[in-house]
């Protein structure tokens, strides 16, 4: 039995869901309840957090251009994703996807997390590079689990204050370049 249905035209699927690929939703999961989290993410979209995924992530930039800010060895690096590019991100590489172009679309494939495996979400100080805040959770639903975590960070000056230099992270308006 084909529990995920028959083959379909992926481009047509994207066109039919394009209204969900922009703010405030920004993404749409292709299949539910599979071993893979297959998501199409649209732009524009900017993030100030860095995701610490315990597993690999696959990116295929379908339309437009995007980039990943990476946090490696205490410094920010940038990986460009041009239309047509694919990229496999190793586990535990802190990354912050940036999709500045309206109408852009990226296929992102991740594995479902085994029970007890946690994802981390981190924010860094724009002034000195120190990690300001980290939250860990067993990720079950990107749509339901993440907004409360992000809101808790953005709404708390205490959580946004750098422990090293005292500068307050600007929250949603933080650095994304």
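Just so you know, glycine gets a Cβ as well, placed from its N, Cα and C.
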Given Swiss-Prot lists 51, 57 for Fe cation 1, the same-site residue among 95, 133, 169:
95
Going by C-alpha distance, which of the binding-site residues 47, 99, 110, 165 is nearest to residue 57 (Fe cation 1 binding site)?
110
Other CB atoms, at most 10 A from the CB of residue 165 (Fe cation 2 binding site):
11
Within 10 Å of the Cβ of residue 57 (Fe cation 1 binding site), how many other Cβ atoms are there?
20
